[in-house]
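A.B. asks: As annotated in TrEMBL:
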TRANSMEM  20-39  transmembrane segment
TRANSMEM  55-73  transmembrane segment
DOMAIN    129-247  domain 'Palmitoyltransferase DHHC'
TRANSMEM  177-199  transmembrane segment
TRANSMEM  211-233  transmembrane segment
REGION    293-337  region 'Disordered'
COMPBIAS  312-321  compositional bias 'Acidic residues'
COMPBIAS  327-337  compositional bias 'Polar residues'
Amino acid sequence: MRRGWKMALSGGLRCCRRVLSWVPVLVIVLVVLWSYYAYVFELCLVTVLSPAEKVIYLIFYHAIFVFFTWTYWKSIFTLPQQPNQKFHLSYTDKERYENEERPEVQKQMLVDMAKKLPVYTRTGSGAVRFCDRCHLIKPDRCHHCSVCAMCVLKMDHHCPWVNNCIGFSNYKFFLQFLAYSVLYCLYIATTVFSYFIKYWRGELPGVRSKFHVLFLLFVACMFFVSLVILFGYHCWLVSRNKTTLEAFCTPVFMSGPEKNGFNLGFVKNIQQVFGDNKKFWLIPIGSSPGDGHSFPMRSMNESQNPLLANEEPWEENEDDNRDYPEGSSSLAVETET
């Protein structure tokens, strides 16, 4: 009986957590809907008097708004990509691994299994990167998200503002969302500013429109500052071909930790996210090269399987086998193991 109550309580808590995880997304959606009403109706249709100015403002606004909402939608509903079946332990290997009590034997078992896989990174101690929750050998740049409860290919971070894990499948969309968000806020701020001054000086009537216009400028500037900082940080990460997790925890290769292990040069680094075809760079369509399981590395020496190397182990990196607590970074949250 008690066990049944515990299971019911646990299920209820998981359900509440899923519902509450959509609250940040709902907040953003409500703010965007209000900004649409305030800009289109209160500013363009009520406050702006020139018909030509109205048309120009509305055309450019809706062009930006379409790409802004499109990229936000793609960031939310593009599911994180998980490692394919060949990285999972077979039923027999899983039984052998779990029944083995000697850690050194378990470690060697993983080494033998990883020899057949394109795995070129390891933990700080030189061991194979293994997820004991998903029971799989982690591909390079793959990490376990404790919020999504899954291993995510090329995981960058878990973002509560899109209620999704940002990784290989949707990192391009997330960057585009940040870019169009910055452009959206900047466009609103620059076009509203002159009318903000007129309302401030009392040159225009209309108490209701005045409130919307003044508050619209304040909200646009506030979001612009936070978004441009976050977007600038991710632009720096892309230019170095790093993820947020790799910026905080240096990946380890055969020769040891190497913070620039995936750095291929500025242009190729950008192509690793947006693809080779430049006409798709601004459109939220999947164009990232590869399958997310393996990535080109800086040198040919690092492309050799480090699991076959006979080297002294490095100092243990505690970050490889622990859950990262949820810590906000402007609009992002890191939750990874």
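Backbone N, Cα and C atoms are what each Cβ position is placed from, and that goes for glycine too.
In terms of burial and nearby residues, how do these features look in this structure?
C.D. replies: Sequence-distant contacts of the transmembrane segment (55-73) (same chain, six or more residues past either end, CB-CB distance under 8 Å): 28, 32, 36, 39-40, 43-44, 48, 162, 173, 176-177, 180-181, 183-184, 187-188, 191, 282, 284.
Looking only at the domain 'Palmitoyltransferase DHHC' (129-247), the predicted model's pLDDT averages out at 94.
Long-range Cβ contacts of the transmembrane segment (177-199) within its own chain (Cβ-Cβ under 8 Å, at least 6 residues beyond either end) map to 35, 39, 43, 47-48, 57, 60-61, 64-65, 67-68, 71-72, 74-75, 162, 210, 213-214, 216-217, 220-221, 223-224, 227-228, 230-231, 234.
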